[in-house]
């Protein structure tokens, strides 16, 4: 997966899937839950657990169902060929609605130019359909359907997906314990229904990013009353990285749990790279269109025009991009407010638009043409991700006048988008110390009327280059608890360089931890099922189950094997931290056995006496380390 473009043969003939991304997870199987029609098949991952040994034969542990973003890549029954892309999930749903039309060809000038260039043949994805667009006068957004009282197939799909077979889990006893959460005003029901999904989308509190030209998509939902989602970034740059490498990063990222992926490519062949990514992506793809627009004017921000940007939006919408980051809130009057900052404007998109505004001394053309942008968005059902171009790039600049001024403008733009029934989420910081994070969330809810919040971290301190996945993971967990709907991952390479596959995985796992911690704290129904199952496996020394229930089984198994590499250690009733004689869980088990043998009903027996007797018994039995399984 490391062949550079200059050495590439025809990608439509040579491209191969990243083999690491298609390996099934140990003791896991892909399962599908069918909806009201045969073609609504919602994927989940089911983890099979070992039997707990008992004196009477064994206790069966029910399988645990977990959310699965990996798409068909981890289904052994699906043949993956990245040259042809993934299978079609949504075309029948879209056609049945009867409000779209198939175009005769691409309608963007740039798209037509790229298609006509014979030099690009060897790089081009070969199996591209003509795009769809809304019929004249039609609005094909999920918000428009929701406000008309229509429950779409996409809405039913995400309702099934969010529940993760919760009723079956309760019946199997997997949720005997779950702490009450504190949701800070979120309205999370005990069960997610299609009607609840429709209501949340109609209200603007949630979005389903689902471009009608991204038919390979497995729909998902972003909103404060649903599971906290994470986004992973990929994309080439002028410094290198091939199309195959970016597709490999995509498949690798979704394997580990990236709910959406943003293609932030800024180098050559942006158009072709994006086509390969979308055709092979089961998750929503987001972009920052101003990056490509800037490439078209050779990096000179002053030369950007509305007409060129409009063509870029149509080009990307016809490829199937699900959400656009658009920095329409960077207004001319806000730019001087950044002069006194420690780190000024750190957003690439924000700095591009600030430079354009100052060069022309005119208002941001993304702001002045916002209604026209909405017309494009609703013709393809592209969601807004309103960019925070003035986000703080250091904790010193957090919550300043420029940041919150822009946020108020984003609230104004949100209401304009909603008048067009266009789905919308709001991007947030950035670098914010812990004590100022809740103010960010509260102000966003107030200004943007509960539109989903999507933040980059935030990083809670600036002193740890190389560890900013940790500095930001702390802030991400906090703001996710307070109500943030999606967290944009940060890798260890943040501020330092382009992430490789290992960095991508580290960033995603860090953010899956933050998102899950937030779900637990909010009291999301069923959030504690996996924790309970892993804790039980840990107490019962079911090592393989501990590995397989974890977010990263490979690393857990590797760390265990560094100290205890033999297979016999997988049935040991101790770990390398405490050893056999000092394992608290082993001692607790023996105390419980003692209590049961003495017919003491309460577990709070004379612990000192119990421990002394068990210690003597351990010595008399020859300090036996293992129990037969």
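Glycine is treated like the rest: Cβ placed from N, Cα and C.
Not measured: the values here are computed from a predicted model.
Copied over from Swiss-Prot, here are the features:
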{"type": "BINDING", "residues": "233, 262, 291, 327, 347, 348, 349, 388, 389, 390, 391, 427, 454", "note": "substrate binding site"}
{"type": "BINDING", "residues": "431, 495", "note": "Zn(2+) binding site"}
{"type": "BINDING", "residues": "575, 578, 583", "note": "[4Fe-4S] cluster binding site"}
{"type": "REGION", "residues": "1-30", "note": "region 'Disordered'"}
* Asked: Between residue 291 (substrate binding site) and residue 495 (Zn(2+) binding site), what C-alpha distance do you get in Å?
  -> 19
* To do: Using C-alpha atoms only, work out the spacing between residue 233 (substrate binding site) and residue 431 (Zn(2+) binding site) and round it to an integer in Å.
  => 18
* Asked: Counting only residues 6+ apart in the same chain, whose Cβ is under 8 Å from the Cβ of residue 454 (substrate binding site)?
  -> 222, 231, 385, 425, 426, 427, 428, 484, 485, 486, 487, 488
* Using all protein chains shown, find which of the binding-site residues 349, 389 scores highest when you count other CB atoms within 10 A of its CB. => 389
* Local backbone state of residue 347 (substrate binding site), from DSSP in three classes -> coil
* To do: Let me know the DSSP-derived helix, strand or coil state of residue 233 (substrate binding site), please.
  => strand
* **Cβ neighbours within the same chain of residue 431 (Zn(2+) binding site) - under 8 Å, at least six residues apart** => 391, 392, 393, 394, 395, 397, 398, 457, 458, 459, 462
* Asked: Highest CB neighbour count within 10 A among the binding-site residues 391, 495?
  -> 391
* Structure fact -> Simplified to three states, DSSP reports residue 495 (Zn(2+) binding site) as coil
* Cα separation, residue 495 (Zn(2+) binding site) to residue 347 (substrate binding site) (Å, whole number) -> 12
* If H, G and I count as helix, E and B as strand, and all else as coil, what does DSSP give for residue 389 (substrate binding site)? -> coil
* To do: Report, in whole Å, the straight Cα-to-Cα distance of residue 389 (substrate binding site) from residue 495 (Zn(2+) binding site).
  => 17
